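Right, one structure below, let's go through it.
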């Protein structure tokens, strides 16, 4: 049974930064619940965040949320796959070239692609209303030219400088996780003294 938490950094940020203590109590309760999951089989907890550096470190210890997967911005092929899925139920003209749209949308996220298709659908409706719509039952259709026109005006929601900043955060976060895992591995079997 999977559980998915989106924007996890807002649910479980680092403790000690909240004046009221409410957030600390939420994180403590979440840790308690995660530790209780050990007796259950088939339970998977997934958490998504664009700011892993803001998460409480205790959540990322082994046995809790201990597997990390970085999901960057989609490649051209991934954008094409996303466009194919998102456009399945849209009234696309037969000549629409989604390969070209995937090429035109470098740096777009899945949400950006969804917004692009929604804008194209709205533009098709406006175009339909402006045209002679005396033909009963005629539906607005997204043509290749219309979709390319909308795509040429669209911009990704995340700027290049913001992407570089996020990639830097992810890189530092992953490096710190690797370093902590290496220290833990190196410490196994070693004796600690209080001398």
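Backbone N, Cα and C define each Cβ position, glycine as well.
The following features are taken from TrEMBL:
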- 4-71: domain 'ATPase AAA-type core' (DOMAIN)
- 95-131: domain 'AAA ATPase AAA+ lid' (DOMAIN)
DSSP tally for the domain 'ATPase AAA-type core' (4-71), helix/strand/coil in that order, comes to 29 helix, 8 strand, 31 coil
Residues outside the domain 'AAA ATPase AAA+ lid' (95-131) whose C-beta sits under 8 Å from one of its C-beta atoms, at least 6 past its ends, are 73-74, 76-77, 79-80, 82-84, 86-87, 138-144, 146-152, 154, 156-158, 160, 163
Across the domain 'AAA ATPase AAA+ lid' (95-131), DSSP labelling yields 28 helix, 0 strand, 9 coil
